[in-house]
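K.L.:
If you look up TrEMBL, you'll see A:1-17 marked as compositional bias 'Basic and acidic residues'. Taken from TrEMBL, the feature region 'Disordered' covers A:1-23. Annotation comment: TrEMBL describes A:42-62, A:103-123, A:144-169, A:216-238, A:283-302 as transmembrane segment.
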Amino acid sequence: MNASTTDERPAGRDERSGSGPTAVSALAAGTRAELLRLRKWPVVWVLVSVWLMLNLTFAYVFNYIAYATESGNFATEGNPRAALLEDVLPEAIPRIFTTGMPMFGGAIMMILGALAAGSGYGWGTWKTVLTQGPSRLATFGGMLAAVAGTVVAVIAITLVADLAASTLITVSESEPIVWPDLAALAEAAGSGLLIFGMWASAGVLIGVLTRSPAVAIGLGLVWSLVVENLLRSVSGLISGLNYVTDVMPGTSAGSLAGAQGAVPGAEGDGAPGVLTVLDGGSAALLLVGYIAVFTVVAAALVRRRDLV
Amino acid sequence: MNLSAGRSPGDTSRAADAAVRARGLRVVRGARTVLDDFDLDVRQGTLTGLLGPSGSGKSTLMRAIVGVQRVAGGAVDVLGRPAGAKVLRDRVGYVTQEPAVYGDLTIRQNLRYFARVLGAPRSDVDRVIDQVQLGSHADHLVSRLSGGQRSRVSLATALLGTPELIVLDEPTVGLDPVLRVELWGLFHRIVEAGATLLVSSHVMDEAERCERLVLLREGSLLADDTLPNLLERTGTGDAEQAFLKLIEQADNGMRTP
């Protein structure tokens, strides 16, 4: 062997001691890797941008245009112009923050989760990382942590965007700036985290179940946008069905948004997906339960199932 | 079924330093028995070619060695541990037939991703890109590369870190002759540096590039020997003829009571 051939020998993986990496360091490595992947992935930026545009458009732009042009399209009874302006001021953020999350935002987060988990099967990369990575659970846990981190970032960016948009409107209308109550704002952000977290973890589970990003997204969207709504609409016709529909993921997400003050879609000018079926506490508990069940089932499948 | 007569004398002495040791391996997929009572020894520090026609069980054997294949019987030890053992995770590199890299990331991003997961140093990324000669495409999206280039990106992931055994399933499929020669050169250099390579191929021409050949046919071990020994034993001039001769001998042997 000459000197040049020695250079061909791989240089060495970290932590090549007999014991190997610890579970924590393996999880951290998996999280860093998945964060890199999500950050460099154009589709993630597209999804986040679409959500932010939807949120700003429906929460602020349309309402402000209706207010500024005195359009009656969005008006309700009483004092419509004043109500429209109230909704787009900073003080209203805790109330309107989660309005678009149960349905549209949730669907986008579900796509994110389905892509994050399913694309590894689609491209065949899970085979490599699950067989050569530190451990299946650590690698999968890294993906979950990266998705969770992305959800937290999206909530934070949404909050900043809402604050910026409402402040801009306040200044342009020469209204006094009244900042929202911090506790209420934190509760709204926490609710948003639970709603988005539930849908993202549902996407991860469907991605793992189907082992295909396309099928996962298709099935997930059909469930979140169609099936749940259909079931809720017929729950009055079939005795006992409401016991099921009242605790479904979409119902829980919609009820939590409704508990924050978002106007339910059933009230005509409300937002689709927002409901008042459950109280806030029950809805939050159910969402926590769904997140736990979805992630545990997905992790168990990844750990036990044979690789394709 | 195992044709142990295909193994040259003295091979049992190599069991102690085997990178791979399979005994009585049986793999059933669906209704089909892919491997049955299969024995194999792959010595450490060798470049072993796993040759045979499509459907002969090469990929299944490799999956069993890497530990991602459910086995119905027998045992496979890799580097002295049961195949698939946790301690082997960073000691065994595996590249599947289909490229296993993200098409919507660049080559460099893919390798940075895998380096992080596998715990390889970041400096490995540039090293392996150079090794597979994709430096000029490092910042190109993988989905825009040719099939051969995608295969080389996949190969690069197996070179991250210090795998002691590298299992490559048909790594030269779809590559032009010049690139194939260069890759075989790379394989030899990796082996000279101390690693063990197990490379499958259905192209018999590639037999002459391997130190040792494992010939498979319909899930059976037809031969496990060096090419010169095989040619001498079969009295043929090239690997393909030797393979055909061995099939003929095996068929005759099965017909003879």
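Quick reminder: no glycine exception, Cβ is built from N, Cα and C everywhere.
Keep in mind the model is a prediction, meaning the values are calculated, not measured.
Help me picture these features in the structure, burial and contacts included.
P.N.:
Counting same-chain residues at least six beyond the ends of the transmembrane segment (A:144-169), those with a Cβ under 8 angstroms from any Cβ of the stretch are 27, 30-31, 34-35, 37-38, 44, 48, 51-52, 55-56, 59-60, 64, 85, 88-90, 92-93, 96-97, 109, 112-113, 116, 177, 185, 189, 192-193, 196-197, 200-201, 204, 295, 298-299.
Sequence-distant contacts of the transmembrane segment (A:216-238) (same chain, at least 6 residues past either end, Cβ-Cβ under 8 Å): 103, 106-107, 110-111, 114-115, 117-118, 199, 202-203, 206-207, 209-210, 244-246, 248-251.
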K.L.:
Taking residues 6+ outside the transmembrane segment (A:283-302), which of them lie with a CB under 8 Å of any CB in it?
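P.N.:
Distant contacts of the transmembrane segment (A:283-302): 117, 130, 136-137, 140-141, 144, 191, 194-195, 197-198, 201-202, 204-205, 208-209, 247, 249, 252-253, 255-256, 259.
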